[in-house]
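Undergrad: Quick one: the structure is below, and I'll ask about it shortly.
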Amino acid sequence: MRRAAGEEEAPPGAPGPSPEEEQRKKATVIHVVYLIAALDITWMFLQFSVTPYLAKKLGFDTLWFGYLQTTVGVIQLIGGPMFGRFADLFGARLALSLSCSATIVFFLLLAIANHPAMLFIHKLPTIFMHVLPACQMVVADLSEPENCADALSKLGLCFGIGMITGSTLGGHLITRYGETFTACVGAAGSAFSLLLVLKFIPKTTKTQAAAADTHSENTNKSVFSVGEITRLMKFPGVVRTFAVKIVAGLPSGIFQVMFSIIALDFFKLQPEQNGYLMAYFGIVNMFIQGGVMGPLTARFTENYLLVLSVGVASLVGLAQAYMQNVFQLCLTIVPMMFSLSVFNVITDTMLTKSVPSTDTGTMMGLCASVQSLLRTVGPTVGGFLYVNYGLPSIGLTQFVVNTAVFAYLLRPHLKKTPERQE
């Protein structure tokens, strides 16, 4: 009998688990993974509440803060594909343990940061901080192909929960106790996440056959094998989807990485007010991921949803170019979160389905590297646009780029329409 993914190897001669028991074990692992993801996002947004105000206190201006964000992007751009490969070779438990341990070190370094150089040094552990891609790998491994998009969207729901909790908690803690105490809370929370990983996550989430293949690869292939990583680009549709993910995602990525500075400089928000605004982001994201994504993925094709998300993103960019106050920003958040949620879930699903199950971790690592690339380029480009041309330039850039990608994606659909009518 084929052993289900997510189970530890049974002793020789022991009877295999029933299908119902296998499904229960899978469900338990997936639910724990959702919890770990929600906690990780909570600590991440807790850090987002600390860094801008600590950077300002240490004398950083908008340009230097952009350099700081770029540093994180470069580090994670290097680490993402290697971490994904590591997860495929050595299993989910070890990969998640490494990520959570790195997050603990990250927060401890942030807690003692009292010099501008320390803000750069505390970013070094981010090369291993890939909890969310590891969680995506586990969910993709344990989900049926037809349910993959819906299961991955639930991670987006966890993202919303973490965004609300982390932003609100971070704003309150900084206001009342300061940056150091808030960073220590992040370290303690990451330690709790590590305990969850060690207790509940199995050594591997691959099927028995896939795990055996991966084990044989482990003896002669390295985590640093560039050939094994780039090999995934040869699968049908992967290059096109990656190109769309990078080009269409760059403008919205610029706005996201610059948002903390925009909130502080353009909208003049205090830490607690910024926390409430980020909580609003989270509420909207939770509604979309929990109540909208499931029906959408069940009713519409992935290609249709990809075109829709890019089209909506272009209109969001146009709206952002003309917003002047927080109320107008709040109005643009709903379509912005819709386009981001649909775009990220659909592109990740399409890419995961394009490769064998033994390579889902590497593919998720590559997807994470796309986000890291956006964070690498985004702060520098965003800082230049914001300082020299103001906030409208960022919105107009998103409008122009996404309109061009929308037209590119729409062409094949327009050609197929007459054939369907016949």
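Cβ atoms here come from the backbone N, Cα and C positions, even for glycine.
Where the annotation comes from TrEMBL, it is an automatic prediction and has not been curated.
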Undergrad: Please identify the range among 58-78, 331-351 that TrEMBL labels transmembrane segment.
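TA: Based on what TrEMBL states, transmembrane segment spans 58-78.
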Undergrad: With the transmembrane segment (242-264) as the reference, find which of 58-78, 181-201, 276-298, 304-322, 389-410 contributes the most Cβ pairs under 8 Å.
TA: 389-410
Undergrad: Are there residues at least 6 beyond the ends of the transmembrane segment (276-298) whose Cβ is under 8 Å from a Cβ of it, and what are they?
TA: 45, 48-49, 149-150, 153-154, 156-157, 159-168, 171, 263, 269, 305, 326, 329-330, 333-334, 337-338, 341-342, 345-346
Undergrad: Would you kindly list the residues that approach the transmembrane segment (27-46) from elsewhere in its chain, counting only those six or more residues past its ends and only Cβ-Cβ distances under 8 Å?
TA: 6, 96, 99-100, 103, 107, 131-132, 135, 138-139, 142-143, 151, 154-155, 157-159, 161-163, 165-167, 169-170, 173, 182, 185-186, 189-190, 192-193, 196-197, 200-202, 205, 278
Undergrad: Is the transmembrane segment (90-113) packed against any residues at least 6 beyond its ends, judged by a Cβ distance under 8 Å, and which are they?
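TA: Contacts with the transmembrane segment (90-113): 36, 40, 43, 47, 50-51, 54, 58, 83, 119, 121-131, 134-135, 137-138, 141, 179-180, 183-184, 186-187, 190-191, 193-194, 197-198, 201-206, 218, 361.
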